[in-house]
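Before any comments, here is the structure.
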Amino acid sequence: MTTPSKFRDIEIRAPRGTTLTAKSWLTEAPLRMLMNNLDPEVAENPRELVVYGGIGRAARNWECYDRIVETLKQLNDDETLLVQSGKPVGVFKTHANAPRVLIANSNLVPHWATWEHFNELDAKGLAMYGQMTAGSWIYIGSQGIVQGTYETFVEAGRQHYDGNLKGRWVLTAGLGGMGGAQPLAATLAGACSLNIECQQSRIDFRLRSRYVDEQAKDLDDALARIQRYTAEGKAISIALLGNAAEILPELVRRGVRPDMVTDQTSAHDPLNGYLPAGWSWEEYRDRAQTDPAAVVKAAKQSMAVHVRAMLAFQQQGVPTFDYGNNIRQMAKEEGVANAFDFPGFVPAYIRPLFCRGIGPFRWAALSGDPQDIYKTDAKVKQLIPDDAHLHRWLDMARERISFQGLPARICWVGLGLRAKLGLAFNEMVRSGELSAPIVIGRDHLDSGSVASPNRETEAMQDGSDAVSDWPLLNALLNTASGATWVSLHHGGGVGMGFSQHSGMVIVCDGSDEAAERIARVLTNDPGTGVMRHADAGYQVAIDCAKEQGLNLPMITAQR
């Protein structure tokens, strides 16, 4: 028996156009989106199957990838493929309205849900870290997080700077698949940004894709640029090669005062995602193989230094927030007792949106034709004519966001509007206005699909932060509603032991049957978010549930 391979020197791109390589669009869609996750324009390290987020993979190994592709090409429209941590393990007869693929990634019994145990399983070829959209085949590059980051910066600007970020700057770190959205999001929100990254290859990736505007040669140069651009009122993003655990304390020592501080390094995974201060990347990767315990310790010690600097900025009155990478938890475990003194971004800025089921609705054009996305942009504006903020986002996205892989769009909308848009897109496919079917999905970071006490469900007003029934119910309901593929993951965003979350994707192929599935899925999916927040006592969610006619027996029947 040959050893499974996690490396292959190959370039993968999803097919374009209308010629099927599978038996129907319901199986062609997951096939193309799996391949799109590994497109070199999309993935961070596609030759090792890594899509984003440390070691977030699309398949467990290359042999599993090959078999998934072969199986999808042969799958019938009354069969369902089961994928267990990136490995295709079974095909079963179901029915036409069942999902074509069901995916479970990285799930561990809670007592064993640690990085140490997961890494043992991973080394034996028994598990795969799916992050959120890596192992669920609906990653669309950094655009997938741009609008959420933009909405966060805009809301922070409203709360702290009267809604005007002109002449202000954001300090952050991490330019990977998620963090790479920060510089563009800050620019779109009207602010300058200084973005620290320890790998030159990632800076090059963001410069190429126009997510970051320019690179400074050193810290002094970066600060000079920040001073010049903020004085001129320009929103320019600057990348700086370096280590945040070294640069942030130096900025504190110098008395430099940003206008906002956050972080999107891959701190959730100390073994693979956070470079210890004073180490080279090569040393880090080598020692991860030979002495993983020492690497984890060194990384977490550096995170503690990093968080202490963030706390120092907060104590100066600078708005400072965690952007969901669990760095506060890591620092607390290294003795920073007050690591949670600064809030996470969801309770600080995003939760009111979640209460109305508003979250990261996204779609991709299976044709590969950008015009299909531009036509859907226009349709969104037509169907939501009075939302100037949304229109501005779509205009900025078209102007500034480069497509990575298959053309795609992210657009935060909520209960009611998601189904309305999905049905309209399906009709555009039916009429031939779009040249091929569209897939609609979302991040697992959504209002009803995640339990993550250090991120999406931090500081719930009823104390239900760690209750993970909700993402399980979300996955079950999306399966019953007829989503094309459904995923249930553990550990995304914040690492092993700290989150459970689910995802769904639905195909708009222009058929009447698709319209029925779309209406169910795109109503029920955001509906679970409103339900979850209404159950926690949020009045905004309770009001939304009543307005939208949700049947919540313990709430809408009584209040």
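In case you wondered, yes, glycine gets a Cβ from its N, Cα and C as well.
Note that this is a predicted model, so its numbers are computed, not measured.
Feature annotation from Swiss-Prot assigns active site to Cys411. When Cβ atoms from all protein chains are considered, those within 10 Å of Cys411 (active site) total 20, not counting its own.
DSSP assigns Gly53 (NAD(+) binding site) to coil in the three-state reduction, outside any helix or strand. For 53-54, Gln131, 177-179, Glu197, Arg202, 243-244, 264-268, 274-275, Tyr323, Gly493, the entry in Swiss-Prot reads NAD(+) binding site.
Cβ contacts within 10 Å of Tyr274 (NAD(+) binding site), excluding its own Cβ and spanning all protein chains shown: 30. Cβ environment of Gly53 (NAD(+) binding site): Gln131, Met132, Ala134, Gly176, Gly177, Met178, Ser266, His268, Asp269, Gly273, Gly492, Gly493 lie under 8 Å away, each six or more residues apart in the same chain. Neighbour counts of Cβ atoms within 10 Å were compared for the binding-site residues Gly177, Gly493, and the top value is held by Gly177. Neighbours of Ser266 (NAD(+) binding site), defined as other CB atoms within 10 A of its CB across all chains, total 27.
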